[in-house]
Amino acid sequence: MTNFTLLMLHDAPAKAGQDIYRQAKSPQDDAMSSAEQLKSAYKNTTAPKDKWKVNYYIFFFVGFSSLFSWHIFIKNSFFEERFASTIFATTFSNWIARVYMATNLLAMVFLMLLPERLKGSNSLRVSLSFLGNVAVFLAMTVLPPCEWIPDTTYFYITLVCAGLCGFFGGVLQSSLFGMASGFPSSYVQGIMAGQGLAGMVSSVILMAANILAGDSIKSPHEIAINAALYFGLSLFFIVLGYISFMYVQRLEFFKFHSTMSAAPGADLDLSDESIQPPQQGGIFSIFTKMPSALYPPAVFFVLFITLSAFPFIFSNITSSSKSDSFFFRKLFISTGYLLFDVGDYIGKSMPAFGLFYTKSHVFILSSSLLRVVFIPLFMLCNFRDHPDFNAALRIFSSDVIYFSLALLFGLTNGYICSLLFMNAPRTVPEYLREKMGAIMPFFLTVGLALGPFFVGIISLFLKK
């Protein structure tokens, strides 16, 4: 099939005029002819190859840039110093996380309820989300050195930025995975692996900064400058991610799969009420059949368990060593975080190798449930000496056991999440794949939001 033929198929309905559809016996059937003919034309051609895997690595980097900024946002120690004199000194991180999660969920719900004709394309929403985050992190880069802003006022400005970051992040995640659901499953895995790398790299950067700082005490101005550099680095990766995404849309491989996954009737002029695309299944139709109905709750449960232990339990485990060295005083807890992030990245990368990829619904779904065993295992580790904690529960006092559990906990989180996201779109008909791709991040975010509330229940088991 030549490029000239494909071009003619694109232009045919416009040249024929709208009267063709008005005269047809079945306007709904004729209305989708252009899209279906174009799809048919592409199906009769050989799918373009992703030469040098350029598309894959761009998807990987877009995934990385979509979450790296948030990791820097939430892990930055600058806020601890800046808000120390406010009433939010001990609760600022919870406030930032809650506002981010609330607006993130709001954005995803908004997209799910928005009529299809008002949503625009996935590519457009991804681009606008990147530009929104550019504006947010440009402000975050400029603001830290502004010491003349009252600390409480700065806190509320930070919450606004966190809310905007969450909203743009929700639109980005939903649109990105919705778009990727029309590509081979390895491209969904590429996005997941990029997001895993974002968590690991941010932890490495912040840990390296702590090591270089040592026990020295920095002035508030020095801390503010460092924060501006961190946010500036985030801004750089967001801009680079946006440029990469704009470039990938020009590649033939991307154009082919975007066209093949387009909803029927998407290229038609719907201004005439007599011309409507065929009725498609809504989001709720995903939950009417097995196994597709189980995939969204499964990803919710995986992240719910993860956030029930991370970071609450991690931050309350201390070393069994009595050493007063710099590592045990300053780096022990952050090492546990880093091992989780390393495991998460490895887990999200594993499905890229055929040996570790599986389509078995039984294995994927049962593994999602079995991760709950990590909660009691972590509870048996060496918790902080606290009068409310039952010392009899401290069975695994070895640091090696705790670090091994932290690595395995991250690895299973990344591995199972990748398998869920890769296989979920394949459990529904082609016309529902974009919806499934968009609803999976929503359930993931709900798990992230509700997991920390389970911490209170866990605490009850730790008390005497």
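The backbone N, Cα and C atoms fix where each Cβ goes, and this holds for glycine too.
Since this is a predicted model, take the numbers as computed values, not measurements.
TrEMBL has this to say about the protein:
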TRANSMEM  54-74  transmembrane segment
TRANSMEM  95-114  transmembrane segment
TRANSMEM  126-146  transmembrane segment
TRANSMEM  153-172  transmembrane segment
TRANSMEM  192-213  transmembrane segment
TRANSMEM  225-248  transmembrane segment
TRANSMEM  294-314  transmembrane segment
TRANSMEM  326-342  transmembrane segment
TRANSMEM  362-380  transmembrane segment
TRANSMEM  400-422  transmembrane segment
TRANSMEM  442-462  transmembrane segment
Top Cβ-contact partner of the transmembrane segment (126-146) among 95-114, 153-172, 192-213, 225-248, 400-422 (pairs under 8 Å): 225-248
Of 95-114, 294-314, 362-380, 400-422, whichever stretch has the most CB pairs under 8 A to the transmembrane segment (192-213): 400-422
Cβ contacts under 8 Å made by the transmembrane segment (326-342) with residues that lie 6+ beyond its boundaries: 196, 199-200, 202-204, 206-207, 210-211, 214-215, 310-311, 314-315, 317-319, 399, 402-403, 406-407, 409-410, 413
Proximity verdict for the transmembrane segment (400-422) and the transmembrane segment (294-314), three or more C-beta pairs under 8 Å: yes
Stretch of maximal Cβ-Cβ contact with the transmembrane segment (54-74) [cut-off: under 8 Å; candidates 95-114, 153-172, 225-248, 294-314, 362-380]: 225-248
